[in-house]
């Protein structure tokens, strides 16, 4: 059997009950985006998007009268966070008791001294910053000195920006690996991220060369699938999020269009197991930059691709569409928002049904394990029987 998961990165479905504790009460990525920049999403509507509680419907965006052919629900995140690693780890059965470490004042000297020793250079910035602003403000000094630009955010990340004409990509990746070695124990951030950029001021981020260097997660459903002899194909930043653990094939992508194209290729190639894709543009290009129009266009791009993805499904295949957190482009600041995750599913012959409000993202992993015949006794309640 072939099961394909596509994560629409940051497409939140409304504030979680505890959102106020994260400063996000009232956030709603989907509703606010579509209100400011309406685009038609007819195919997502047919999967049940408009049936979800708190999703606003309208003839111009998500029509209320769409003939629903999929299964639909929304998911609570029980782990205390609103970042990529927390959400994706929980999808595959890892529920965190404590949030990943964050550094709102930058990284301490004992970290940065070791990092400087590893690179043989100094560093710039070392404080929370927007990715677009940090290269605008420090890019010229970086080109003069060759020092890497180190910055963080409200997420648990150590980000290293460098101009591609100043620092070769492989050198940047080596610096990230060195930082990953340093950032353990009390300094263990979830991800070290390579952020190359190019061009002239105000500079352009080279998103296709971004790489994430994650902490290694505990055992996940991905490991269970691999142990069961199944194909486990990670597309986009998915393999990086799990430190490459549990995959039989890893495929990097340039953008959402490339991610969709490579997902279709693997679906048509007869993968026996899981195809797991992250489409990051909504988050990286438009959510953090607070660009509702760009965000809406990315949603519409995916909606237009849905018929091709459905057509590529094998007769017994299943397509699941998820989101890992919110990133409301109309919200204050530039960081993620604590929201419900989307849950939409389609299979040939599957009738429309309400999967309700799932108590944890881990229900996804439990469902994947049961559907593909892998042994999993970790967190999560499978909804596989509700789909058959």
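Glycine is no exception: its Cβ is also placed from the backbone N, Cα and C atoms.
The shown structure was predicted, so the numbers you read here are calculated from the model rather than taken from an experiment.
The Mn(2+) 1 binding site annotation in Swiss-Prot covers 9, 324, 325. According to its DSSP assignment, residue 324 (Mn(2+) 1 binding site) is coil. All chains included, 31 other C-beta atoms sit within 10 angstroms of the C-beta of residue 324 (Mn(2+) 1 binding site).
Mapped onto three states, the DSSP output places residue 283 (Mn(2+) 2 binding site) in helix. What Swiss-Prot lists as Mn(2+) 2 binding site is 283, 288, 336, and the listing cites sequence analysis.
Neighbours of residue 283 (Mn(2+) 2 binding site), defined as other CB atoms within 10 A of its CB across all chains, total 28.
Over all protein chains present, the Cβ of residue 288 (Mn(2+) 2 binding site) has 19 other Cβ atoms lying within 10 Å. Counting every protein chain shown, the number of other Cβ atoms lying within 10 Å of the Cβ of residue 9 (Mn(2+) 1 binding site) is 26. Each residue in 7, 8, 10, 11, 12, 83, 84, 87, 88, 283, 323, 326, 327, 336, 341 lies on the same chain as 9, 324, 325 and has a C-beta within 8 Å of the C-beta centroid of that Mn(2+) 1 site, without being one of the site residues.
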